[in-house]
Amino acid sequence: MSLRSLFVAGLATLALAVPAPQIQARQGMSSNELESGPCRDVTFIFARGSTEQGNMGLIVGPGVCSSLKKDLGSDKVACQGVGGAYTAQLAPNFLSQNTNQASINAATDMFDLANTKCPNTKIVAGGYSQGSAVIDNTIQALGSDLKAKVKGVVLFGFTRNVADKGQIPGYPKDQTKIYCAVGDMVCVNTLIITPAHLTYGADAGDAAKFLASKVQE
């Protein structure tokens, strides 16, 4: 069986293991507070994992958003998912950047919007699974001025963990926190999906506290 077949089969198997209410909840997890709302002190940009619906997904993105609002104040944080050309399809995982350029461009648009619409906002970001590669590649390519406005990044099930040596190249390591669960094969340079890859919701609160600490420095 090919690696791609294992990846697809793994996702299918895990989907069957997800309780029905959770599957139903996946249908509408979106947040567009940067695009549609007022400027806030902090802007959280998140890229979901492959096959997740909405622009925030379900596994971890919404949890980090809600925890960050709890820690800093709901009126202080704008949460924005990466949508548009980032459709979270499976195939881009097999490309050299573990995602495609269109997805990276979609995320870049959100960072650019935060910078131009809300020049005083502090930007934090996160990504899960393929979304971790989207955010990783996006931040690497940001101009120095905009990159300096990104105060913290959290990555879950980091598909480029080995390739990028546990960090985002060209971005401060102390402003990055990577979550790789024991048994998550995605973090060790494979695309084999195991149950551990679905556990990152448990890390949402810790990730939010990390991001909150960075915007308060």
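From the backbone N, Cα and C atoms, a Cβ is placed for every residue, glycine too.
The record in Swiss-Prot lists a disulphide bond between C118 and one of C39, C187, namely C39.
A C-beta separation below 8 Å, combined with a sequence spacing of at least six in one chain, links D184 (active site) to G157, T194, A196, H197, T199.
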